[in-house]
Amino acid sequence: MSSPLLPVGVFDSGVGGLTVARAIIDQLPDEDIVYVGDTGNGPYGPLSIPEIRAHALAICDDLVGRGVKILVIACNTASAACLRDARERYDVPVVEVILPAVRRAVAATRNGRIGVIGTRATIASHAYQDAFAAARDTEITAVACPRFVDFVECGVTSGRQVLGLAEGYLEPLQRSGVDTLVLGCTHYPLLAGLIQLAMGENVTLVSSAEETAKEVLRVLTERDLLRRHDAPPVNRVFEATGDPEAFIQLAARFLGPAVSGVQPARLHSRVR
């Protein structure tokens with residue numbers, strides 16, 4: 001049986017999932033966190049589904065093997081590729097980023113027209129479109145915005161070049177008259193101001209990061225796994241499969257100095 005003292009395991013293809021980690025820290029400040037960013041293999045967007053699945057499950061195997069009380073797949077592309085496998089594979093609860101955002105978008109829309117933006121792999125998987133299928137009276141427009149991740153990973157989140165790119169990507173959503181837009185990649189909240197500017201103030205942006213943190217809180221509460229206020233001091237560990245120094249520089253934009261002690265990830269698991 002899981003212990004409330006075990007950490008929350010968070011995994012992403014790179015630094016984007018730190019938006020989820022930030023939201024978890026804000027909403028559950030007493031929780032220990034182990035975060036692994038697969039910067040050595042990410043971004044996942046251009047990869048094939050089998051490649052994404054292999055990389056993602058190797059890291060998830062390692063996190064679960066080390067001992068976590070809940071596993072958060074903080075990557076839309078990985079959620080679309082391996083969520084079912086992960087839930088069948090592990091005894092701990094697995095939280096992903098797609099369904100929480102879908103629920104929030106359905107609640108937020110006024111005209112039933114909802115947009116989704118994400119990586120090519122996420123949009124091509126139809127994971128969001130399928131998740132919205134159960135919602136009545138909704139019309140979904142999904143658009144891939146592959147270069148957004150490249151700009152965020154390079155630390156560029158504003159400026160005329162990115163705004164021009166955003167206006168081009170988002171034009172089909174404006175034509176569709178969406179009033180709610182799901183940021184279907186955990187990198188995209190860092191571009192939220194720019195996306196809002198391109199879409200207009202009347203469009204509601206839904207962050208999968210914030211909604212995922214709410215789902216983590218709900219699951220831990222439901223299973224009586226919340227860490228007590230009087231538990232030992234909080235310990236947050238951040239690891240990267242690629243260059244830790246490069247990760248630190250990018251991660252500072254998400255979490256500030258809290259990630260100064262990034263460690264190289266040493267994975268021992270293999271996908272079966």
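Here the Cβ of each residue, glycine as well, is placed from N, Cα and C on the backbone.
Taken verbatim from Swiss-Prot:
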type	residues	note
ACT_SITE	Cys75	active site, proton donor/acceptor
ACT_SITE	Cys185	active site, proton donor/acceptor
BINDING	Asp12, Ser13, Tyr44, Gly45, Asn76, Thr77, Thr186, His187	substrate binding site
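Checking the recorded positions (Ser13, Tyr44, Cys75, Asn76, Thr77) against Cys185 (active site, proton donor/acceptor) with a 10 Å Cα-Cα cut-off leaves Cys75, Asn76, Thr77.
Its Cβ taken as reference, Thr77 (substrate binding site) is surrounded by 34 other Cβ atoms within 10 Å in the chains shown. Highest local Cβ density among the binding-site residues Ser13, Asn76, Thr186 belongs to Asn76, counted as other Cβ atoms within 10 Å over all protein chains shown. The distance from the Cα of Tyr44 (substrate binding site) to the Cα of Cys75 (active site, proton donor/acceptor) comes to 9 Å. Between Asp12 (substrate binding site) and Cys75 (active site, proton donor/acceptor), the C-alpha separation comes to 5 Å. Around Tyr44 (substrate binding site), a 10 Å sphere centred on its CB holds 28 further CB atoms from the protein chains shown. Other Cβ atoms within 10 Å of the Cβ of Asp12 (substrate binding site), summed over all protein chains shown, number 31. Neighbour counts were taken at the CB atom with a 10 A radius for the active-site residues Cys75, Cys185; the maximum falls on Cys75. Residue pairs drawn from Asp12, Ser13, Tyr44, Gly45, Asn76, Thr77, Thr186, His187, the listed substrate binders, are separated by up to 12 Å at the Cα level. By the criterion of other Cβ atoms within 10 Å of the residue's own Cβ, the least surrounded of the binding-site residues Gly45, His187 is Gly45. According to DSSP, Asp12 (substrate binding site) sits within a strand segment. Each of Gly14, Gly16, Gly17, Gly42, Pro43, Cys75, Ala78, Thr119, Thr122, Val149, Cys185 belongs to the same chain as Asp12, Ser13, Tyr44, Gly45, Asn76, Thr77, Thr186, His187, is absent from that list, and has a C-beta within 8 angstroms of the C-beta centroid marking the substrate site.
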